[in-house]
Amino acid sequence: MEPPAPPPNPVPVAYQATSASVPDWLNKGDNAWQMVSATLVGLQSVPGLVILYGSIVKKKWAVNSAFMALYAFAAVIICWVTWAYNMSFGDKLLPFWGKAGPALGQKFLIKQAILPETTQFYKNHTTVETPTAKPLYPMASMVWFQGVFAAITLILLAGSVLGRMNFRAWMMFVPLWLTCSYTVGAFSLWGGGFLFHWGVMDYSGGYVIHLSSGIAGLTTAFWVGPRLTKDRERFPPNNVLLMLAGAGLLWMGWAGFNGGDPYTANIDSSMAVLNTNICAATSLLVWTWLDVIFFGKPSVIGAVQGMITGLVCITPAAGLVQGWAAIVMGILSGSIPWFTMMIVHKRWTLLQKIDDTLGVFHTHAVAGYLGGILTGFFAEPELCALFLPVTNSRGGVYGGSGGVQILKQLAGGAFIIGWNVVVTSVVCVVIGLVVPLRMPEEQLLIGDDAVHGEEAYALWGDGEKYDSTQHEFISDDTAHPQPSIGATQVV
């Protein structure tokens with residue numbers, strides 16, 4: 001007589017741990033979403049910002065600008081897995097810094113992901129409120145996800161120095177700044193550092209990524225010096241339509257940027273993605289209307305700037321605020337950075353002298369700090385409980401400890417600003433002792449052909465220069481000698 005058949009397994013075959021490659025702790029949905037989110041963020045950089053940078057600048061700087069972004073992405077990834085990941089998310093060395101070490105070992109990468117020291121204690125200092133976070137996927141997914149965040153930070157910073165920074169100096173700058181600056185902000189706010197334990201909120205990088213890149217970009221631009229006067233007076237985008245393609249990749253990729261930061265595919269990630277798009281759309285519309293009201297014409301470059309400020313502003317709050325708050329943040333992110341870029345920038349001599357090529361200070365530093373402060377106002381207690389392991393986290397409009405939260409947000413941003421100004425200056429001075437930060441005069445005059453021996457477009461033949469005696473077209477540089485106005489002034 002045959003033995004009775006075993007009862008059917010109620011767990012679907014896809015979720016049965018049938019091999020060593022599918023351990024009990026692995027959630028396939030979470031792992032898939034985290035890898036998709038990381039890929040979306042990677043696409044924001046390559047090709048997103050590569051395309052945007054290569055098309056928003058003057059024709060003679062298209063190759064150089066795109067290559068600065070491409071190089072930074074590759075260099076950061078190697079530095080990240082070699083030492084920088086553990087400086088950001090490893091064991092504590094200092095209250096603001098982790099211990100350097102490789103994230104390459106097989107045993108390390110295939111084990112369950114963990115965020116060390118992300119615990120909060122009750123007031124008795126003995127009872128742990130929230131244990132160490134353990135996402136349901138391997139460390140390899142976490143290392144890659146955080147790596148593309150680090151990479152995009154350096155690429156955003158590059159926007160401040162396009163059109164004149166020595167490429168060899170940039171090759172040195174990327175690993176030095178990543179090591180000395182980015183890892184400090186990441187560990188302090190995300191990896192269990194002192195700002196995290198103090199309760200400063202930064203959902204997805206408003207401070208760690210955007211405020212730091214904006215401040216560091218402005219500081220680097222100060223040390224590198226301005227572009228040639230001719231380039232500053234006339235710096236037309238070489239391909240506006242291609243610029244929009246890069247901007248579109250940036251916007252759509254932000255679903256992974258903010259949606260991946262709960263480290264799981266849960267209801268909080270859905271809130272984050274929706275709020276991200278609400279704020280970006282609102283900000284774009286507000287910026288466009290301000291251009292129409294004050295300059296008489298809607299500017300597509302201005303619309304892209306407004307889109308970016310909205311995305312940046314919502315980043316520290318994406319999964320922590322309600323939809324109405326995302327609209328309010330969009331209105332403010334479309335107006336306050338517009339005011340600093342269009343009004344303050346033109347009247348403040350210091351900002352004009354520094355020459356922030358793409359206005360990264362306004363679109364990322366101003367918008368990032370604004371978003372962090374507004375998080376202190378609008379963070380909703382129930383949404384905070386879904387994500388933040390901090391007792392009674394709430395924004396100022398919800399009473400209780402919310403007023404103190406605003407002060408914490410201000411102080412946390414001030415630390416990021418101060419650290420980046422000092423450390424970025426030191427990095428620039430040290431590099432300047434080895435190679436010039438600025439291109440030589442010949443390269444500044446010629447552009448890509450002198451720097452790389454390559455050109456983005458060969459419009460008049462096999463790379464030949466435009467000759468008005470042979471072609472009946474009018475060069476854009478001579479047809480519009482007057483300086484640009486409105487939304488394109490900074491660019």
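Even glycines carry a Cβ here, placed using N, Cα and C.
Bear in mind that TrEMBL entries carry predicted annotations, made automatically and left uncurated.
Same-chain neighbours of the transmembrane segment (32-54): 62-63, 65-66, 68-70, 73, 135, 137, 141-142, 144-145, 147-149, 151-152, 155-156, 158-159, 162, 242-243, 245-247, 249-250, 252-257, 259-260, 263-265, 269, 358, 456, counting only residues six or more beyond its ends whose CB sits under 8 Å from a CB of the stretch. The transmembrane segment annotation in TrEMBL covers 32-54 (among others).
As annotated by TrEMBL, domain 'Ammonium transporter AmtB-like' applies to 32-457.
Long-range neighbours of the transmembrane segment (66-85) within the same chain, counting only residues 6 or more positions beyond its ends whose Cβ lies under 8 Å from a Cβ of the stretch, are 42, 45-46, 49-51, 53-54, 100-104, 143, 146-148, 150-151, 154-155, 158, 162, 165, 167, 170-171, 174-175, 178-179, 182-183, 452, 456. According to TrEMBL, the feature transmembrane segment maps to 66-85 (among others).
Per TrEMBL, transmembrane segment is recorded for 143-162 (among others).
Summarising the annotation, TrEMBL assigns transmembrane segment to 174-195 (among others).
Sequence-distant neighbours of the transmembrane segment (207-228) (same chain, 6+ residues past either end, Cβ-Cβ under 8 Å): 149, 152-154, 156-161, 163-165, 173, 177, 181-182, 185-186, 189-190, 200, 235, 312, 315-316, 353-357, 360-369, 371-372, 412-413, 416-417, 420-421, 424-425, 428-429, 432, 437-438, 444-445. Sequence annotations record features per position, and here TrEMBL assigns transmembrane segment to 207-228 (among others).
Residues or ranges marked as transmembrane segment by TrEMBL: 240-257 (among others).
The annotation transmembrane segment is assigned in TrEMBL to 269-288 (among others).
TrEMBL lists 300-318 (among others) with the feature transmembrane segment. Remote same-chain partners of the transmembrane segment (300-318), defined as residues 6 or more beyond its termini with a Cβ less than 8 Å from a stretch Cβ, comprise 56, 201-207, 209-210, 237, 240, 243-244, 247, 250-251, 254, 257-259, 261, 271-273, 275-276, 278-288, 291, 325-326, 329-330, 332-334, 337-338, 341, 359, 362-364, 366-368, 370-372, 374-375, 378-379, 486-488, 491.
Here TrEMBL flags 324-344 (among others) as transmembrane segment. Residues 274-276, 278-287, 290, 294, 302, 305-306, 309-310, 312-314, 317, 351, 359, 362-363, 366-367, 370-371, 374, 378, 380, 486-487, 489-490 of the same chain lie 6+ residues outside the transmembrane segment (324-344) yet bring a C-beta within less than 8 angstroms of a C-beta in it.
Look at TrEMBL and you will find 365-390 (among others) tagged as transmembrane segment.
What TrEMBL lists as transmembrane segment is 410-435 (among others).
Here the transmembrane segment (174-195) sits against the transmembrane segment (410-435); at least 3 CB pairs are under 8 Å, leaving out pairs fewer than 6 apart in sequence. Count of Cβ pairs under 8 Å against the transmembrane segment (269-288): among 143-162, 240-257, 365-390, 410-435, the largest is for 240-257. Sequence-distant contacts of the transmembrane segment (240-257) (same chain, at least 6 residues past either end, Cβ-Cβ under 8 Å): 36-41, 43-44, 47-56, 149, 204-205, 273, 276-277, 280, 300-301, 304, 307-308, 311, 315.
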